[in-house]
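One structure is given below, encoded as structure tokens.
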């Protein structure tokens, strides 16, 4: 869940 479930965040793990 959370941001890590969004492709945009998967491409930017620093945001997870």
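Just so you know, glycine gets a Cβ as well, placed from its N, Cα and C.
The annotation disulfide bond is assigned in Swiss-Prot to 3-9, 4-16. Under the heading sulfotyrosine, Swiss-Prot lists 15. Annotation comment: Swiss-Prot describes 16 as cysteine amide.
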Residue pair residue 3 (disulfide bond), residue 15 (sulfotyrosine) - Cα distance, angstrom, rounded: 7
Residue 3 (disulfide bond): secondary structure state under DSSP, collapsed to three categories: helix
C-alpha spacing of residue 9 (disulfide bond) relative to residue 15 (sulfotyrosine), in angstrom: 6
Cβ atoms near residue 4 (disulfide bond) (within 10 Å, other residues, all chains): 10
